[in-house]
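**Student:** Got a structure for you, written out below as structure tokens; questions coming shortly.
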């Protein structure tokens, strides 16, 4: 039958191999290697299961595995010791036992000092340990006040009850005044950003740069320095990084400019009573006055914020030379026919958003409301937190009257489970950093507990003896400490330690300068540095690690500024 079928209509049997005319046409290499034109099912993009030699643990060397295990053990140990210490103190307070720990004032001072130091250490290594500093500080403050309250015996002694609540009321008054200032201040700044008021600033920078890369760093430095004197250093740093992301596509250069913006933001907030949180605390509690602070700290802060610019620009030039040499090497490898890819314009025409009347009104209105606060303080004696509440309410009222809408308003689909959509300042208030406010609350309450226990009095005596009653030495020690410890508890402790020092004493001016600028030495020393780490994904050692020249430059600028402020304040106080 096969012979008959082969004779029908010239039919000839063909091989049934898929994708080939005949089996003989397939070479051995084609059978063993998948075709490049047709992807195989093995290259489907699904994650591969490590088998045999593909175990990722085999990629690490033995030394790297030992270091990784040691780091994990250290993190776990820090967590265990820190949380275990707080739990132990809380159990002692709840059980009211042993009596020698509860009743002895010296033991109480030692326990609370160790507890506070342990909490600050965990806050300093927040990114390494993985414990949020706001949660840690709230637990720390609550445990400290619980341990302190047991020593007063408020349930058995009326005098102890009255003394405990007197200390609590004094602490709550100070905490409330700071929080009622920071919350509306953040609301005003977030409202400006919500209505895209900073677009005018972006346009001005683009026109000033004119496509020249070397102009970006000094412009960002000067802008952040003056911007942080009006708004807080956290917001000014965020604005600077947002601008840099549009104007500096090179990540390495953008990180250098971001580090410069952190230094400028911390220095710019030191000379303004509404710029930095620590300066605001000194101003609210009548340790410094607005006019004299601006008069005597402007030049030192300018030196501390601008002098490191020269060293960072040298580092930027070195990076440009290295990148240029790498491009030449790549050109040599690709051969003489390779041409350099044309550089893309920094800002495309379609990315330039038009400046509308709404954006200009938002910027002018927000700046006016913020500047109104020190004016009411100096003219009418109104407390700053009431002035800032008035500023937020005024901006809220005017934006509602003008029917202003933000750039990212909520829709009905976004608010299916949260009621009707919210617009304007209400929508902007959702961006306020509540975790940061809770951190400040815990810090201020913990400092109040130390003050009530007498810890700050003993520390003030010791630090005065160590510094030999020198304001300059005290400010230097405070500035170096703020590079490791948050400057908010340091300044609050200084306020409580030197409560008898009069207003506008040179000591307070130096405290404002050193606490504000000293946090720039390390990234964890200020909230602006922590913001740079989170937004640009830089490591802990990156900030001072751009070469020892950067850290040395800032130390030199900071020391020069402190000496300048000391001379000016001494001359002014003697006059």
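Yeah, the Cβs are placed from backbone N, Cα and C, and that goes for glycine too.
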**Student:** Which one of these stretches, 109-129, 172-192, 193-213, shows up in TrEMBL as transmembrane segment?
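**Tutor:** So the range that TrEMBL calls transmembrane segment is 109-129.
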**Student:** Look over the recorded stretches 109-129, 136-154, 360-376, 434-456 and say which has the most C-beta pairs under 8 A to the transmembrane segment (256-274).
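**Tutor:** The stretch I would name here is 360-376.
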**Student:** Quick one: mean pLDDT on the domain 'Citrate transporter-like' (177-515)?
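**Tutor:** Value for the domain 'Citrate transporter-like' (177-515), mean pLDDT as a whole number: 79.
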**Student:** Report, as numbers and ranges, which residues of the same chain sit near the transmembrane segment (77-97): CB under 8 Å and 6 or more residues beyond its ends.
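**Tutor:** 111, 114-115, 118-119, 121-122, 125, 129-131, 136, 139-140, 143, 146-147, 149-150.
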